[in-house]
Ligand SMILES: Cc1cc2nc3c(=O)[nH]c(=O)nc-3n(C[C@H](O)[C@H](O)[C@H](O)COP(=O)(O)O)c2cc1C
């Protein structure tokens, strides 16, 4: 339990300063033995996050920016990663992130797995994976999740929660009647990584950073100062 009370003047600052970071038994990362490309290292780290008990290790922060360069970020589920270095996520194209990606089709993803002290950053251009794959992603969702996506006017102001409840019930009825129904704005997006950075914490702050950069069809690797 924290010793500091946030109710005292300056208490929040002291509370935050008192919280530990990198408190777990952290694994070793030897960049010299890292593979030539980042996808297999991502999968290796993901597996060790799953085996190490990280909750929702497939949750990642997606950062986008509007046409004026103003950023926004939110957490999404990573749907897939392929050998070509594409990271996939799915959402409504009609909300804020959809509009920002349409105006400025570049984004960044951040994974953080505290039990291993590992952060992975991915950056690159974003395209839509096409109607067929978007529909397949939508149809793989549970009926409740499909109804939520079908009924939602994601990111718009909600004046009355009862309106959302009613829309959800209507959408559930539609989905039960038409199991192949797909929400028109549901989109599977692919971020084609141009950079992938692996960051391994060290309790003594000798953190290790390894960045892969795509040059043409090849990946080059650099260590970065922490
Ligand atoms: C763990 C977690 C997983 C989420 N997964 C998704 C997702 O896969 N797709 C999605 O559209 N929103 C997901 N959300 C909700 C988003 O964080 C966000 O609230 C929503 O997409 C609206 O974002 P926008 O207004 O920037 O468009 C998730 C939220 C959390 C906390």
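Numbers here mean position along the shown chain, with the first residue as 1.
The backbone N, Cα and C atoms fix where each Cβ goes, glycine too.
What TrEMBL lists as FMN binding site is 74, 75, 76, 77, 78, 79, 96, 97, 119, 154, 155, 199, 209. Look at TrEMBL and you will find 55-160 tagged as domain 'Pyridoxamine 5'-phosphate oxidase N-terminal'. The feature domain 'Pyridoxine 5'-phosphate oxidase dimerisation C-terminal' is assigned by TrEMBL to 186-226.
Positions of the features from TrEMBL, shown on the structure.
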residue: 74; record: FMN binding site; Cβ within 10 Å: 13
residue: 76; record: FMN binding site; Cβ within 10 Å: 17
residue: 78; record: FMN binding site; Cβ within 10 Å: 20
residue: 96; record: FMN binding site; Cβ within 10 Å: 16
residue: 119; record: FMN binding site; Cβ within 10 Å: 18
residue: 155; record: FMN binding site; Cβ within 10 Å: 16
residue: 209; record: FMN binding site; Cβ within 10 Å: 17
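Looking at the domain 'Pyridoxamine 5'-phosphate oxidase N-terminal' (55-160) alone, the prediction's average pLDDT is 96.
Residue 209 (FMN binding site) falls within a strand segment according to DSSP. DSSP assigns residue 155 (FMN binding site) to coil in the three-state reduction, placing it in neither a helix nor a strand. In the vicinity of ligand 1, defined as a Cβ distance under 6 Å, the following of the binding-site residues 74, 76, 96, 155, 209 are placed: 74, 76, 96, 155. Binding of FMN is attributed in the record to 74, 75, 76, 77, 78, 79, 96, 97, 119, 154, 155, 199, 209, and the widest Cα separation among these residues amounts to 36 Å.
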